[in-house]
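Peer 1: Following this message is one structure expressed as structure tokens.
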Amino acid sequence: MQRTKEAVKASDGNLLGDPGRIPLSKRESIKWQRPRFTRQALMRCCLIKWILSSAAPQGSDSSDSELELSTVRHQPEGLDQLQAQTKFTKKELQSLYRGFKNECPTGLVDEDTFKLIYSQFFPQGDATTYAHFLFNAFDADGNGAIHFEDFVVGLSILLRGTVHEKLKWAFNLYDINKDGCITKEEMLAIMKSIYDMMGRHTYPILREDAPLEHVERFFQKMDRNQDGVVTIDEFLETCQKDENIMNSMQLFENVI
């Protein structure tokens with residue numbers, strides 16, 4: 001039964017409430033399902049917390065409604081266009097932008113700022129390396145800065161995207177050098193960075209070789225032709241057929 005509880009917790013990413021409240025008769029049959037993203041779930045996201053903590057009180061500021069700010073160096077796209085590109089409502093986009101411009105008046109987030117955000121939310125470990133990888137995943141055009149558009153499009157996929165969209169985004173995160181495939185070295189670097197960020201005071205205590213074991217299991221399932229790399233097709237096909245992998249993918253939502 002302990003294994004079942006852990007599986008439920010992994011599958012919902014702590015977004016569906018306390019698994020202990022699920023009737024015993026139903027726990028064994030629980031399958032992975034798309035999380036229901038409630039307000040509480042959104043508030044568990046580090047980047048959402050960072051932005052909303054800086055958001056000014058709601059008001060009639062017309063600059064928010066049109067996503068305009070004369071002092072910024074980078075002007076974001078219009079509200080209607082961003083709403084069409086994402087799955088956020090106008091009010092959600094306004095709140096996100098309000099916090100974004102308060103924290104980043106230039107309209108851009110650089111990598112040092114991004115690392116600082118994660119160091120604040122994960123003080124028990126070293127979030128520097130993971131923040132670096134995540135920054136590169138959000139920085140869609142690779143120019144060394146995250147625009148508001150990059151920010152909300154990425155969050156929209158992670159929080160409200162389809163399974164296919166989330167998996168493609170995760171593949172891009174793992175594919176560090178962006179050559180279209182994932183190597184064991186790339187996967188190991190990502191896994192080590194996550195373990196480093198979570199710190200040594202996790203429960204249960206993780207062995208030092210845990211990241212390597214995770215990678216080896218990953219490649220045994222993913223690398224269908226045994227050529228030492230995982231392609232996007234192998235990644236998508238295997239993930240969507242393997243419940244355990246899909247469960248583990250949901251854990252990303254706790255460290256975004």
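Keep in mind that glycine also has a Cβ here, set from the backbone N, Cα and C atoms.
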Peer 1: According to Swiss-Prot, which stretch among 1-22, 23-44, 67-88 corresponds to the feature region 'Disordered'?
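Peer 2: Within the set 1-22, 23-44, 67-88, Swiss-Prot attaches region 'Disordered' to 1-22.
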Peer 1: If you look at how Swiss-Prot annotates this chain, which of 47-60, 131-144, 187-200, 243-256 comes out as region 'Interaction with KCND2'?
Peer 2: 243-256
Peer 1: Determine which residues of the chain contact the domain 'EF-hand 4' (210-245) at the Cβ level, with the cut-off under 8 Å and only residues 6 or more beyond its ends counted.
Peer 2: 31-32, 163-164, 167-168, 171, 180-184, 187-188, 191-192, 194-195
Peer 1: Could you check the binding-site residues D223, D227 and say which one's CB has the fewest neighbouring CB atoms inside 10 Å?
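Peer 2: If we count Cβ atoms within 10 Å for the binding-site residues D223, D227, the smallest count is at D227.
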Peer 1: Have a look at the recorded positions (K90, N225) and report the one with the fewest Cβ neighbours inside 10 Å.
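Peer 2: With the recorded positions K90, N225, fewest surrounding Cβ atoms within 10 Å: N225.
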